[in-house]
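Here's what Swiss-Prot has on this protein:
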| type | residues | note |
| --- | --- | --- |
| TOPO_DOM | 1-24 | topological domain 'Cytoplasmic' |
| TRANSMEM | 25-45 | transmembrane segment |
| TOPO_DOM | 46-71 | topological domain 'Extracellular' |
| CARBOHYD | 63 | N-linked glycosylation site |
| TRANSMEM | 72-92 | transmembrane segment |
| TOPO_DOM | 93-107 | topological domain 'Cytoplasmic' |
| TRANSMEM | 108-128 | transmembrane segment |
| TOPO_DOM | 129-162 | topological domain 'Extracellular' |
| CARBOHYD | 136 | N-linked glycosylation site |
| TRANSMEM | 163-183 | transmembrane segment |
| TOPO_DOM | 184-187 | topological domain 'Cytoplasmic' |
């Protein structure tokens with residue numbers, strides 16, 4: 001028994017629960033950081049250049065807002081940033097006050113559903129952006145147009161980094177959802 005009368009088993013169980021809750025808060029923080037950085041990198045994706053196509057000089061200009069897919073990525077990131085910030089603030093508050101992060105099964109189901117919703121939102125945004133980025137990188141094969149990224153490499157690098165962070169944010173949300181399932185599976 002410990003000094004306050006608790007058995008070693010109870011103390012170990014409480015310590016494991018505290019570690020799980022700390023991991024949940026860390027996952028929320030990671031998701032917030034990845035989503036916010038993805039949005040910031042995408043918002044700074046802009047470049048101008050000159051392409052040489054069969055001896056003709058064409059001025060190319062690109063901005064993230066020219067593509068509806070990239071607009072969708074920015075919108076999905078903005079929503080995920082707000083959701084992650086709310087969950088992070090709630091988690092930190094509950095850690096500081098010593099209350100459980102998911103006090104009820106209803107709240108655990110609500111967190112699970114919300115995590116899944118934003119998880120799929122980020123996956124669909126990343127997939128939509130990846131399709132456009134792949135087209136920019138490879139060019140249009142059945143026409144003589146070269147790939148876009150030779151001329152505007154900085155723009156393409158910004159977009160690729162942003163999409164990588166979007167998929168990282170998806171992994172954080174999926175992991176957070178997994179931890180919520182662990183909470184739901186314990187009696």
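Indices start at 1 and increase along the chain as displayed.
Note that Cβ sites are derived from N, Cα and C of the backbone, with glycine treated the same way.
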Selected stretch (most C-beta pairs under 8 A with the transmembrane segment (108-128)) from 25-45, 72-92, 163-183: 163-183
Contacting positions for the transmembrane segment (163-183) when only residues 6+ beyond its ends and CB under 8 Å are counted: 20, 23-24, 27-28, 30-31, 34-35, 37-38, 41, 73, 76-77, 80, 102, 108, 111-112, 115-116, 118-119, 122-123, 125-126, 129-130, 133
Among 63, 136 [glycosylation sites], residue with fewest other Cβ within 10 Å: 63
Spatial neighbours of the topological domain 'Cytoplasmic' (93-107) far in sequence, C-beta under 8 Å, 6+ residues away: 17, 21-22, 24-25, 180, 183-184
Integer average pLDDT (0 to 100) for the topological domain 'Cytoplasmic' (184-187): 77
Residue 63 (N-linked glycosylation site) and residue 136 (N-linked glycosylation site), distance between Cα atoms, whole Å: 13
